[in-house]
Amino acid sequence: MLSAAAGGGEVVRSADSGTEAAERVPLRPFSGRELLDLPFAVLQGRLRVVAGLVGSALAVAAAVDLGIIAVADAIGGAGGRLAGVAVLVTVVLAWMLRTVVRGVVTPVALAGVRQQPLTAKAALGAFGARFGPLLGFHCLFTLTGVGITVLGALVFLVGLVGSAVWLSWLRAQQFVTVPVLFAEQLPLGQARDRSKLLVSGAGWRLAGIWLYLRVLTVVLTVPLAGIPFFLSRYTGTHRWTVTVLVVCAVLTAVAVAETIESATRVVAYVDRRCRREAWDITIPEARR
């Protein structure tokens, strides 16, 4: 089993690490292909807890979203105004859902790497303990993305391509900030600096992984976007039916994509600590 030492987040391996989880997520540097594959192994090992937490967050977000839209409809919102409210509320709740998913999946994935049991209640406790720094990181994360995208859009195609490359590089510098927040219990500023230190020398590699995750999000979104139109053949095209289907599809895509990305960040954190700090090397205790 892997256990974190107090204060420094250091990890040692005990004798009972020859479990199935250890074979799925070995403590060593990873190849580029393993960085893309192992997040799914991390999630598979803790599927019940992850599905319960993410599914609950998704259900709450969808219920709140549809409830607000229903209230707006009840007070007499016009068609165009109601559509604007639906889009705005869905965007805000999708943002909040990403924060929650990131906050619960990261400690679960770290526990999987450490081969430690972690209940849903404990994961929520870890999320609550680091909520402030995580929320601050997510706000900076969003503002950076929106700002660079807007700047790129001003120059249209060339600007969009350049902004995508620039944004991927900036995302790579902070790629392991969230795992650092949970694993090493550092304040946000120190966690950001620690992330830059850990990813030093692998910026473009992680930038490529971040772009790959964006492509994966699109791949996941396309079939989910088609589900409402397929089901509308049987449920009809009534406004509320389509609204419910579209909102659920959008929030599901956000939850699944963020779950995969959070697990990928944890795997990248393990890789960078092994490469830069020899985290995978165990020094035996000296015999007296």
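Residue numbers in this text run from 1 along the chain shown.
Glycine too: its Cβ is placed from the backbone N, Cα and C atoms.
Listed in TrEMBL for this protein:
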type	residues	note
TRANSMEM	49-72	transmembrane segment
TRANSMEM	78-97	transmembrane segment
TRANSMEM	140-166	transmembrane segment
TRANSMEM	209-231	transmembrane segment
TRANSMEM	237-257	transmembrane segment
**Request:** Flag the pair the transmembrane segment (78-97) / the transmembrane segment (237-257) as in contact if three or more Cβ pairs fall under 8 Å (sequence separation 6 or more).
**Result:** yes
**Item:** Same-chain residues near the transmembrane segment (140-166), Cβ under 8 Å, at least 6 residues beyond its ends
**Value:** 95, 174, 207, 211
